[in-house]
Amino acid sequence: MMIPIYIEEKKYMVEDTKNVLEVCLSLGFNVPYFCWHPALGSIGSCRQCAVKLYDNLHCVPDSKHINFGRLVMSCMTPVIKDMYISLFDKELQEFRKNILELLMVNHPHDCPVCEEGGNCHLQDMAVMVEHTYRRYRFTKRTHYNQYLGPFITHEMNRCITCYRCVRYYKDYAGGNDLGVFGVHDNIYFGRVQDGILQSEFSGNLVEICPTGVFTDKTQSKNYARKWDITFAPSICHQCSVGCNIILGERYGKLCRVENRYNSKVNGYFLCDRGRFGCNYIHIKNRPQKLLKKQNNCGYIEINAVDAVQDCVNILKSSNKIIGIGSTRASIESNFALRNLVGADNFYSGMSFFEQERLSLIFEILRNSGIYIPSVCDIENYDAILILGEDVTQTSARIALAIRQAVRSKSDHMAKYVGIYKWQSLAVTNFAQDAKYPLFITGIDKTKLDDIAMYTYYDSVQNQARFGFSIAYAVDNQVSFVKDFNLNGLDITKLDLVVEKLMCARKPLIVSGSNSGSKELIIAAVNIAYALKRKKSDVGLVLVDHDVNSIGLSMMTSKSVDDVFNTLSDTNNGNAVFNTVIILENDLYRHASVAKINKMLSNINYLIVLDHQYNIIQDKADLIFPVSSFAESDGTVINYEGRAQRFFKLYNPQNYDKNSDILESWKWLYLIHDTYVNCTRVKAVNIDYIIDSIACCFPELKKIKYASPKSNFRVHGQKLAQSTHRYSGRTSINANVNVHETSTPINDNTMFTFSMEGNSGNYSKKCSYNQIPFVWAPGWNSPQAWNKFQDQIGGNLYPSDPGVLLFDTGQENKCIDDNLYKSINWLKFASNSLNISKYTNKWIVAPYWHLFGSEETSQNVECIKNCMLNPYAMLNILDAKYINIQENMYIKFTCMDQVLCLPVKFSMDLPKKHIGLPMGFPGIPVFFSGMYVSNIEMMEAP
């Protein structure tokens, strides 16, 4: 309900559930604070956010009634109808200044050497309250700084005891290895002893901390102050969630990765893989030059004109041209390859089974009518079932949202007794450890088990059987698989799951492709369909593996196995010339060595475009070095069908005139235009490609609304990617040439690679939401996001970036069966899901890891430091049966590939399964669900 309040004698209508601090910030007032955070709520520990509250309107703050008001902490004070607040009272200003001086008693005077300088909330607040002189002249407290791992630097002496770090790490993220120790003015925030922080979300401490206690260790190698950095809005490419990030560069080196607020996706937080896993763009063995194979005896460098012409000559001499796309390449790059080779010759590059699962997920997104919630929507569900997907390792930001959904029961319980959600300590004390039900099925333990009501560990086949059982129990008219063998399943637990899902106001079903089972996906949809028939406001989340898995699935349904079959059929004794073009894809992750070698024997030319080195490049005839996501523009589509744009941070040619690196789509269009003798008046830009995509794929026509076009201007200006305080622009290249270089030109987007442009995006009348850097007058730190939102924690102005491509039935809460006539494909579910009875073979169970399973981030040095060594996981009973002890080595064969790995034991992994860390070097992702044979013990290599 909206109520009137008065701030500085002016009337405002505000929500009655908010606190005074939140209301003031939403209205654009500058109120200093430290301990409060929009995602964490209020505890009132810093005393910095004081305001003056008057009893009534007649007690205005003038000389006559100067003592009528009282100081209150705005973060702990709920708004009340007709309350009168002063923000600029003299007594109040003096109080704030004194509080900040007390907080600074033990804070070192090290701003010039602190890496938080220029991006520091403490600096902002000191300026805001006009604290300039410190009277404390005695010894300062000193602390021991801990080693917290390769991601975060610890400098405890800068702490002002706001308690934000432990409230986030323990209460919000569910970590248990960071705590608070000591009493009085000797408080310590850290671990019991030195060691790597175990939470997958520890990197958010860097932005949560208002001072420099926790800083980004990975930034130190290429450090630059915030005002000297060029920024660009981008999308994290490390999983299918598509979190919004801000990239920063100086001297052509990535020096900063920050969270970019989006109320529909990642909110205020990122996972550690997304925050720290981007530096692969500077890996030393990255392709940098155009290379051509010379008579099978090595490569020579060639120029761009010759490379394009050589490629065209190859294509013109070929009878068959095949293009293999990539789930880590943008929609535009994949389309450019498809445009070059033709729709019939364009393949996804995924294995047959992975392509089958993704095509199924795409069909569900397009036709099911079941609502697919965003990451932040997930936090509003009150019963969750996870089928076979270890989301902490495959889509960590979803796991963090699930934690908030489970713990939100406390908020709802407190609401009924008049306790507001932002009163975090009161909510915790009242509700204690109340949780909404979470049920998990999997092959082994997960990091979410600590908050689960029930966990079920078994093979993916039995997990699917369990899922179909739930669907049938919810509504026996819905499930197409009715004859279930429930041996080994706890019927009472099945009844518990069904009861909680049916009683829930908003149940959520989570599954995905990473389990390696299409039956699990079908079971998840059956459950969601059954619940929706019962008039439930159900949600369905189906996780994919890569950032653009859905986007590529919308363009083709042909897998890399179809490539092998096509080439085998094409050759078949005939003298034909075959050419394969591979776009940003390591085929050895998706197909066996034998199949790839056979493909190579059936082709005459291999052309590779990539920004990462992989073994397939050693077989290539031409290698085109292409831009990484930080050096290019493009669109990707996340798991919910949300199209999001990422923007070029810098042009490699700006720092190296001899660089051959171009965007994939730019190389492919150069080749295409030369191949078809097309002369363009104007070079192809990304707007042209997006318009072409919209014409070819009606389901992708909305991607043009994911971002303004390149001709977008604000007051006739492009948007600046650097702050107006950017220094040294004219001297960056002075060591190479004393003559000042011209400002780089960006023709593809509405941004400019400089400070010269519009940077007034902090205005709430702003007409764009693609924010290159977060800054507002007086707000230099990430806390400045409050200046870009319609209300605290709300949408960005004018709306959040990105556009949903599918109408997933959010409003269809009461449906009839006619809506589902288009999803008869659910009927292909197998009536019997039998476990293999082979006694001499083992099924590969996929173990995914946040650090190591993703193709590109595993090349980053700090990620390598957190990766486990490759291993083989066995059930402890199986190990005893074959007389294997832990840490011994076993040798086995999978898909004609011989592996030798140390053994680990699990109590929960199903029998006759061998768990392998998917995606690790030497363990391709297509191993999931395959058979292992010839296990034998051996000495450690």
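Including glycine, each Cβ sits where the backbone N, Cα and C put it.
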Further [4Fe-4S] cluster 2 ligand in Swiss-Prot, beside Cys159, Cys162, Cys165, within candidate set Cys114, Cys209: Cys209
Identity of the [4Fe-4S] cluster 1-site residue among Cys75, Cys120 (reference: His107, Cys111, Cys114, source: Swiss-Prot): Cys120
Additional site residue, Cys271, Cys297 [criterion: listed by Swiss-Prot with Cys236, Cys239, Cys243 for [4Fe-4S] cluster 3]: Cys271
Cys236, Cys239, Cys243, Cys271 excluded, remaining Cβ within 8 Å of their centroid ([4Fe-4S] cluster 3): Gln238, Val241, Gly242, Ile245, Asn266, Leu270, Arg273, Gly274, Ser395, Ala396, Arg397
Environment of Cys159, Cys162, Cys165, Cys209, the listed [4Fe-4S] cluster 2 site - residues of the same chain whose CB lies within 8 A of the CB centroid: Ile160, Thr161, Tyr163, Arg164, Phe189, Ile208, Pro210, Thr211, Val213, Phe214
Cα-to-Cα gap, Cys120 ([4Fe-4S] cluster 1 binding site) vs Cys165 ([4Fe-4S] cluster 2 binding site), nearest whole Å: 15
Among Cys159, Cys162 [binding-site residues], residue with fewest other Cβ within 10 Å: Cys159
Other parts of the chain folded back onto the domain '4Fe-4S His(Cys)3-ligated-type' (91-130), taken as Cβ under 8 Å at six or more residues beyond its ends: 30, 32-34, 46-48, 50-52, 66, 71, 136, 140-141, 153, 155, 157-161, 185, 210-212, 215-216, 219-220, 223, 225-227, 778-783
Residues flanking the [2Fe-2S] cluster site, with Cβ no more than 8 Å from the Cβ centroid of Cys35, Cys46, Cys49, Cys75 and excluding those residues themselves: Leu21, Tyr33, Phe34, Trp36, Ser42, Ile43, Gly44, Ser45, Arg47, Gln48, Met73, Ser74, Met76, Cys162
Structural state census, the domain '4Fe-4S Mo/W bis-MGD-type' (229-285) (DSSP three-state): 9 helix, 22 strand, 26 coil
Top Cα neighbour of Cys49 ([2Fe-2S] cluster binding site) in the set of binding-site residues Cys165, Cys236, Cys271: Cys165
For the [4Fe-4S] cluster 1 site built from His107, Cys111, Cys114, Cys120, further residues of that chain with CB within 8 A of the site's CB center: Pro108, Asp110, Glu116, Gly117, Leu122, Gln123, Arg158, Thr211, Gly212
Cα separation, His107 ([4Fe-4S] cluster 1 binding site) to Cys159 ([4Fe-4S] cluster 2 binding site) (Å, whole number): 7
